[in-house]
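Report on one structure; see the data block that follows.
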Amino acid sequence: MKWVTFLLLLFVSDSAFSRGLFRRDAHKSEIAHRFKDLGEQHFKGLVLIAFSQFLQKCPYEEHVKLVNEVTDFAKTCVADESAENCDKSLHTLFGDKLCAIPTLRDSYGELADCCAKKEPERNECFLKHKDDHPNLPPFVRPDAEAMCTSFQENAVTFMGHYLHEVARRHPYFYAPELLYYAEKYSAIMTECCGEADKAACITPKLDALKEKALASSVNQRLKCSSLQRFGQRAFKAWAVARMSQKFPKADFAEITKLATDLTKLTEECCHGDLLECADDRAELAKYMCENQASISSKLQACCDKPVLKKSHCLSEVENDDLPADLPSLAADFVEDKEVCKNYAEAKDVFLGTFLYEYARRHPDYSVALLLRLAKKYEATLEKCCAEADPSACYGKVLDEFQPLVEEPKNLVKANCELFEKLGEYGFQNALIVRYTQKAPQVSTPTLVEAARNLGKVGSKCCVLPEAQRLPCVEDYISAILNRVCVLHEKTPVSEQVTKCCTGSVVERRPCFSALPVDETYVPKEFKAETFTFHADICSLPEKEKQMKKQAALVELVKHKPKATGPQLRTVLGEFTAFLDKCCKAEDKEACFSEDGPKLVASSQAALA
């Protein structure tokens, strides 16, 4: 590749922020501009999400009042952009609304201290008070008849409650995507409420929607964590790798533009700038659909859809076909005599080009693996370009990638084989033992949640064709481990977890995989009450029964971290038989009272 091309790409990279999407300086009133672009329905939905994500304890009715006030003000500004306060930034307008709430300090304590700050510090302060694990009651879905009655009486209020409940429990949920899920939810209700058996129609559809929405939430949280901890450069590298895999026929200039725009709008949503984010996401979708010829042959079906469905479809579009006869990577990145000169003159562009070329050739790799390879290449050039004979030093760099590639491949193979042998529930239990031994100080509910989510990787990824397994497994696990890290950062208890969570995001999964049993942990004292159960467990749904048993398994491992597999299987087998027997007994509680102490005694003996 000639160096003039690099200079062109450098120009493209530096100028991308000023192209296309980002033209907000031209508008006298930002809020009027966003209202006109988004339309009233989406505007109100986004404002509701924003307030729900910042003020997670407030009831729905209070948020609706704020939303209506902001919407009325926006309409005033649409009518006259020079009206009072219409020229204020959205941060200022939203921050002033939050700070005007009379009960702010009573309800949110230290959050009220943010109001003494000026923008942008005030908004940053609000962001720091978002709670990833708010103290809210579990959301219980009403029965189908009650839901249909509420939906048919007032669909707008019904869907408003949905946005509010999801947003306050997931304060980093990707706002325009949440609007998409609300649309899907509404369509399910419209379809199913006309059916004779409403529950049979609603339950499986909403369960599937919930699963997808939760996956979307953890993926977005990983993106926000990456931006918060490592900044735009790290996220843009992720975006370049992913876009290059999806759109291998697009040139580097096009990929750079898409990655830059995606980085900007993702940062907006992560910073709570939801109106800008949603508007810019729609603009990016428009740009992609207007430039399909230079991006991908797979976009047309998405581009025929309305805005929310279009953006969602584009984010999940299948990878385009690889270009024919791609040249060897070695020519530009190993054999070229000016590798060190090209690297020194524009490091980020040179590395970005390497990442682009490698990623477009490897849709079968995870983004995290591609970034580890780019990091290895960068470290090799840093070392070798300072030596007397650089080319002799970096000549084998592509061969040195092999161990980095083999490690996740072996992980996927071993875990998918284990999943196929044990099934999802058994695989989750194996992960519970593994992760409790690595981090026994972590709370039992967090370990159960993490292991159950990690265990879903089997049914999600191991069923895919071989070429799709690695990216599915590692990128999914990265998102789940980020959830563990976010919760652990709030209340750190394990030095091993802290070590993995504070390092590089792309090294996090290998770090967790390599963690040994924590030898510093002092085993928990055995308490009979931890393993005492009553007849009420028999009436629980199967999922909740599983979680009770898995919590007991965590506690067993915390009591005996070095328990062997056969020991744990013996105890779990006895426990399952005990539950089966007592739940079938005529006098269930008497059975639990009589056989429970025997189970506790035999468990202690088995683990002795």
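Cβ atoms here come from the backbone N, Cα and C positions, even for glycine.
Taken from Swiss-Prot as is:
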SIGNAL    1-18  signal peptide
MOD_RES   SER29  phosphoserine
BINDING   GLU30, GLU268, ASP273, GLU276  Ca(2+) 1 binding site
BINDING   ASP37, ASP279  Ca(2+) 2 binding site
DISULFID  CYS77-CYS86  disulfide bond
MOD_RES   SER82  phosphoserine
BINDING   HIS91, HIS271, ASP273  Zn(2+) binding site
DISULFID  CYS99-CYS115  disulfide bond
DISULFID  CYS114-CYS125  disulfide bond
DISULFID  CYS148-CYS193  disulfide bond
DISULFID  CYS224-CYS270  disulfide bond
DISULFID  CYS269-CYS277  disulfide bond
DISULFID  CYS289-CYS303  disulfide bond
MOD_RES   SER297  phosphoserine
DISULFID  CYS340-CYS385  disulfide bond
DISULFID  CYS384-CYS393  disulfide bond
MOD_RES   SER443  phosphoserine
MOD_RES   THR444  phosphothreonine
MOD_RES   THR446  phosphothreonine
MOD_RES   LYS460  N6-succinyllysine
DISULFID  CYS485-CYS501  disulfide bond
DISULFID  CYS500-CYS511  disulfide bond
MOD_RES   SER513  phosphoserine
MOD_RES   LYS543  N6-succinyllysine
MOD_RES   LYS558  N6-methyllysine
MOD_RES   THR570  phosphothreonine
DISULFID  CYS582-CYS591  disulfide bond
MOD_RES   LYS588  N6-succinyllysine
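Within 10 Å of the Cα of HIS271 (Zn(2+) binding site), not one of the recorded positions from the list GLU30, ASP37, CYS125, ASP279, LYS543, THR570 places its own Cα.
Comparing CYS270 (disulfide bond) with CYS277 (disulfide bond), their Cα atoms are 9 Å apart once rounded.
Each of the disulfide-bonded residues CYS77, CYS289 was scored by how many other Cβ atoms lie within 10 Å of its Cβ, and the smallest score goes to CYS289. When the recorded positions CYS77, CYS224, CYS269, CYS384, LYS588 are screened for a Cα within 10 A of the Cα of GLU30 (Ca(2+) 1 binding site), the ones that qualify are CYS77. Summary of the Zn(2+) site environment: with the site residues HIS91, HIS271, ASP273 set aside, the chain residues having Cβ atoms within 8 Å of the Cβ mean position are LEU90, PRO120, ASN123, GLU268, GLY272, GLU276.
Looking at CYS115, CYS485, the disulfide-bonded residues in this record, the fewest other C-beta atoms within 10 angstroms of the C-beta turn up around CYS115. SER29 (phosphoserine) has none of the recorded positions CYS148, CYS384, CYS393, SER443, CYS591 nearby, counting only those with a Cα within 10 angstroms of its own Cα. Cα-Cα distance from CYS500 (disulfide bond) to ASP279 (Ca(2+) 2 binding site): 36 Å (rounded to the nearest whole number). The binding-site residues shown are ASP37, HIS91, GLU268, GLU276, ASP279; of these, the one with its CA atom nearest the CA of CYS393 (disulfide bond) is GLU268.
In this view, the densest Cβ surroundings among the binding-site residues ASP37, ASP273, ASP279 belong to ASP279, judged by other Cβ atoms lying within 10 Å.
CYS269 (disulfide bond) falls within a helix when secondary structure is assigned with DSSP. Secondary structure at SER297 (phosphoserine), taken from DSSP and collapsed to helix, strand or coil, is coil.
Cβ neighbour counts within 10 Å, taken over all protein chains shown, single out THR570 as the most crowded of the modified residues SER82, THR570. Scoring each of the disulfide-bonded residues (CYS99, CYS224, CYS384, CYS511) by how many neighbouring Cβ atoms lie within 10 Å, the top position goes to CYS224.
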